[in-house]
Amino acid sequence: MKWCVLMLALLQSLCCSGLPLYQSELASTADKALVVTMTQVNNLYAGLRLYRVTRGSIKRVVPLGLNTYDLMMNFGIKETDCLKSSGEDPQRCAFRVGFFVPAASCTARVRVTAELTQVVSLNCGQDSSSSESSSEENFTRKRQQLNVQPSGNRGPVLPGFSEATLFPSHSFSRQVEPQPIPRGDSIGNHLE
């Protein structure tokens, strides 16, 4: 009995509740976190069309205090037929069909409390199963950059980049032309 009280006191001092998050609670918490995350993706990153979740999993649950958790999530997204201006729920929209439909793999850290669900960080990059080729360029947004402004603006762009260079053609990656690397010797290229 003394051991249990000491263990509970230790867990409380380390800001852990010591109480497990049960599977049913985890599922509803993860669903709520995924909805908030997809709202952020569609508000900040999507072009003309909405994106929808294709797959998802919880990588890790980090307890921060009593009823406060950080969920580390992995999920995939793909563009749908619904226009962003339609106001439709993305989960009710059909996926676009085609060879070059944008898709991405994302990771997110979402803080869930009893009152609030907040995206702490979000990172999406070209999906490995996507048909687009070339080098990959990931985009990352941190908590202070994810605040959606009430005026409906898309939010701040990373310093040094314009929105056009970050998200050309409504895709999460851009094609980069390879630059010739000088050889460093005096022999010229006779094939030019």
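Numbers here mean position along the shown chain, with the first residue as 1.
Cβ atoms here come from the backbone N, Cα and C positions, even for glycine.
According to Swiss-Prot, the feature compositional bias 'Low complexity' maps to 128-137.
Taking Cβ-Cβ distances under 8 Å and a sequence gap of 6 or more within the same chain, the neighbours of Cys93 (disulfide bond) are Leu50, Arg52, Thr80, Asp81, Cys82. Per Swiss-Prot, disulfide bond is recorded for Cys82-Cys93 (among others).
All protein chains shown were included, and the count of other CB atoms within 10 Å of the CB of Cys106 (disulfide bond) stands at 23. A strand conformation is recorded for Cys106 (disulfide bond) in the three-state DSSP classification. Annotation comment: Swiss-Prot describes Cys106-Cys124 (among others) as disulfide bond, evidence class similarity to another entry.
Under the heading region 'Disordered', Swiss-Prot lists 124-192.
The signal peptide feature in Swiss-Prot is assigned to 1-18.
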